[in-house]
Amino acid sequence: MNQVFLFLFSLLASFSVVIIMVVICFFIAFLIWNGLPTLNIAIFFGNVPPLRALLGLEPVWDGIWPAVLGTLELIGITLSLAIIPGIGCGIFLSEYASASQSYYIRWLVDILSGIPSIVMGLFGFLLIIFLRHTIWPEANTCLLLAGGCLALLVLPTIIVTSQEAFSAVSNELYLSATALGFTKEQFIWFIKLPAASRGLWGGVLLAISRSAEDTAVILLTGVVANAGLPSGLGSKFEALPFIIYYTATQYQTQQELSQGFGAIIVLLFLIVSLFCIARLIGSKIYRFSYREGKCL
């Protein structure tokens with residue numbers, strides 16, 4: 001009986017893998033089939049010469065180039081606001097917090113992680129209304145507000161992955177470090193942080209994907225269909241997720257829908273490229289730390 005159960009269990013597991021791989025391959029093939037033929041210079045820059053668009057000498061109104069830059073800036077703002085607090089909170093939970101502190105902080109983090117993105121966007125929108133009626137009459141939705149709301153969304157992911165990465169480091173390292181005269185802070189900075197770097201970068205990768213694809217938050221916090229290149233943190237902006245959403249809901253011709261598929265291909269390529277860059281940086285940091293003898 002046990003042998004039959006184990007066989008059926010392994011068969012079910014194998015079948016699940018096959019189903020998932022088939023669905024993923026079909027999904028990717030469908031997007032490539034519909035989006036790849038539309039990828040050309042015109043989809044990025046419209047009728048504007050590429051060099052003038054890249055140098056910012058002429059605005060692009062008919063292409064997705066401003067949306068590409070807006071997405072990159074949005075990701076950069078989100079990560080710059082979320083990484084340090086997220087990793088710092090993970091270190092505190094792993095190394096300094098008592099059992100009761102850890103319980104209540106994790107409870108708050110779980111609540112934050114369960115907030116829908118549309119609610120977070122509404123929070124940003126209401127914040128602007130509050131500021132307008134109190135201390136800042138000129139307040140408006142903008143790139144910085146969208147990045148801040150996205151940072152709140154990805155913060156729980158970075159906190160949890162950071163805590164798990166630090167908790168996974170062997171306690172034997174701490175015993176060896178204290179025997180050599182390391183203080184706790186020296187142990188965390190020179191030993192545990194490099195040893196946990198791979199797990200930390202895993203949280204960063206998840207944050208990149210979330211900040212690059214979320215539409216509901218930016219829909220209420222400053223994204224528009226045509227804004228040109230962002231002129232600053234306080235300006236309106238374009239983003240690829242919104243371009244895809246807008247095209248899917250407002251397209252008039254098959255060509256416009258095909259351009260939406262092209263924007264999807266560009267967004268996927270952008271995310272994969274950022275994944276590869278982040279993994280490469282994380283791997284370099286990990287190897288450098290061990291090569292320099294920073295980790296026992």
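Every residue gets a Cβ built from N, Cα and C, even glycine.
Here the structure is a predicted model, which means the values were calculated and not measured.
Quick look at what TrEMBL lists:
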DOMAIN    68-276  domain 'ABC transmembrane type-1'
TRANSMEM  7-33  transmembrane segment
TRANSMEM  67-93  transmembrane segment
TRANSMEM  105-131  transmembrane segment
TRANSMEM  143-166  transmembrane segment
TRANSMEM  186-208  transmembrane segment
TRANSMEM  215-233  transmembrane segment
TRANSMEM  261-281  transmembrane segment
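Pairs of Cβ atoms less than 8 Å apart link the transmembrane segment (215-233) most often to 105-131, out of 105-131, 143-166, 186-208. When each of 105-131, 143-166, 186-208 is scored by its Cβ pairs under 8 Å to the transmembrane segment (261-281), the top-ranked stretch turns out to be 186-208. Residues of the same chain lying 6 or more positions beyond the ends of the transmembrane segment (143-166) and with a Cβ under 8 Å from any Cβ of it are 70, 73-74, 76-79, 81-83, 85-87, 89-91, 93-95, 109-110, 112-113, 115, 117, 120-121, 123-124, 127-128, 192, 196-200, 202-204, 206-207, 210-211, 214, 217-218, 221-223, 230, 232-237.
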